[in-house]
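Just below is one structure, and these are the notes that go with it.
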């Protein structure tokens, strides 16, 4: 559960991300594919090379979804319901992959916003991404 301080940290961090959410999403996907090659199996139809238009487009979807979630911290299940359905019923993504992508997102955010990435912000963003992952995997049961 996100505390009021966590919510404030997430909102402040996401305000700094701003219009770069899609770029950060694409960078995090690239990090994930390089660090955890088994994740590539969900994207057999993608050109996974650096700077690929397909990775950038999917990164934008990731960034947009996280921006939506950051704007609805009090109702993540409602904000992410359609995405939860998509990943559980159609794409059938292994839930562990959300944790891997979350880790890569944290690394990406830390690399771009080192000064603002305090231990408290890190903890809040980690809790936020874990909450998003929990919602996205909630319909797997």
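Cβ coordinates are placed from backbone N, Cα and C, and glycine is handled just like the others.
If you check Swiss-Prot, you get these features:
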DOMAIN    1-141  domain 'Globin'
MOD_RES   7  N6-succinyllysine
MOD_RES   11  N6-succinyllysine
MOD_RES   16  N6-succinyllysine
MOD_RES   24  phosphotyrosine
MOD_RES   40  N6-succinyllysine
BINDING   58  O2 binding site
BINDING   87  heme b binding site
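Features per Swiss-Prot, on structure.
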residue	record	Cβ neighbours (10 Å)
7	N6-succinyllysine	16
11	N6-succinyllysine	14
16	N6-succinyllysine	13
24	phosphotyrosine	21
40	N6-succinyllysine	13
58	O2 binding site	17
87	heme b binding site	21
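Within the model, the domain 'Globin' (1-141) carries an average pLDDT of 95. Here the domain 'Globin' (1-141) is broken down by DSSP into helix, strand and coil counts: 110 helix, 0 strand, 31 coil. Note: the Cα of residue 7 (N6-succinyllysine) and the Cα of residue 16 (N6-succinyllysine) are spaced 14 Å from each other. Counting in whole angstrom, residue 16 (N6-succinyllysine) lies 28 from residue 87 (heme b binding site) by their C-alpha atoms. The two recorded residues, residue 40 (N6-succinyllysine) and the residue listed as 'phosphotyrosine', have Cα atoms 18 Å apart. Of 11, 58, 87, all annotated as recorded positions, the residue with the shortest Cα distance to residue 24 (phosphotyrosine) is 58. Cα to Cα, residue 58 (O2 binding site) and the residue listed as 'heme b binding site' are separated by 14 Å.
A Cα-Cα distance of 25 Å separates residue 87 (heme b binding site) from residue 11 (N6-succinyllysine).
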